[in-house]
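Database features (TrEMBL):
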- 1-23: signal peptide (SIGNAL)
- CYS33-CYS48: disulfide bond (DISULFID)
- 63-213: domain 'Cupin type-1' (DOMAIN)
- ASN107, HIS112, GLU117: oxalate binding site (BINDING)
- HIS110, HIS112, GLU117, HIS158: Mn(2+) binding site (BINDING)
Amino acid sequence: MAFSSSFLVLAALLALVPWQGIASDPSPLQDFCVADKKSPVFVNGFVCKNPKDVNADDFFKEANLDKPRVTNKVGSNVTLINVMQIAGLNTLGISLARIDYAPLGQNPPHTHPRATEILTVLEGTLYVGFVTSNPENKFLSKVLNKGDVFVFPVGLIHFQFNPNPHKPAVAIAALSSQNPGAITIANAVFGSKPPISDDVLAKAFQVEKKTIDWLQAQFWENNHY
């Protein structure tokens, strides 16, 4: 009987391990943990502000997300609202973004290392897609119209493109982390500081080194503001 009880306890503990392993953000142990960004203590996330000092402004930002944004040379602008903008998001595991697309603009291939993304189109049309991990590298894509919703699984390379040459598009995305992070593939590979060896990249992409040198010489602009 003792063995049976011990086995059940062990099984229960093991059942909890995968849940802890896949959690993107730490789960809150109280109503909220407003980020104390002035604290010198480094933790995974932010130290909690004293609840007695918390007020409504810790959960608010006058973000003007109803206003259009100026896009960059790839034709997009991502206005991210995460824990850095709203301290009350600390430990809550969620953030928000407005994405503006110029005609023929795109949010280029990128990943969010800490978040799944769900996106809805507010205006215009978007061609979107993501690629699964090795070895399949299956490409899944869809054309979205106003009101449509699409999900990008955590960590997978994905993009959005406005195929209309005359009209802009707008989307709103929610992400399952207070700080989802973004790695734009071209920026990371060709715009790293210091640069990755052109010998390495020429071999990886199976092109001549002069092609890599030209790509590394370009200005890889960030579209997250």
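Just so it is clear, glycine is given a Cβ too, placed from its N, Cα and C backbone atoms.
In TrEMBL, annotation is done automatically, which means it is predicted and not curated.
Annotated features taken from TrEMBL, shown on the structure.
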{"residue": "CYS33", "record": "disulfide bond", "Cβ contacts under 8 Å, 6 or more apart": "GLY45, PHE46, CYS48, LYS49, ASN90, THR91"}
{"residue": "ASN107", "record": "oxalate binding site", "Cβ contacts under 8 Å, 6 or more apart": "VAL74, SER76, VAL78, ILE99, TYR101, PHE159, GLN160, PHE161, ASN223"}
{"residue": "HIS110", "record": "Mn(2+) binding site", "Cβ contacts under 8 Å, 6 or more apart": "ILE157, HIS158, PHE159, ALA182, ILE183, THR184, ILE185"}
{"residue": "HIS112", "record": "oxalate binding site", "Cβ contacts under 8 Å, 6 or more apart": "PHE152, VAL154, GLY155, LEU175, SER177, PRO180, GLY181, ALA182, ILE183"}
{"residue": "GLU117", "record": "oxalate binding site", "Cβ contacts under 8 Å, 6 or more apart": "VAL151, PHE152, HIS158, ALA173, ALA174, LEU175, SER176, PRO180"}
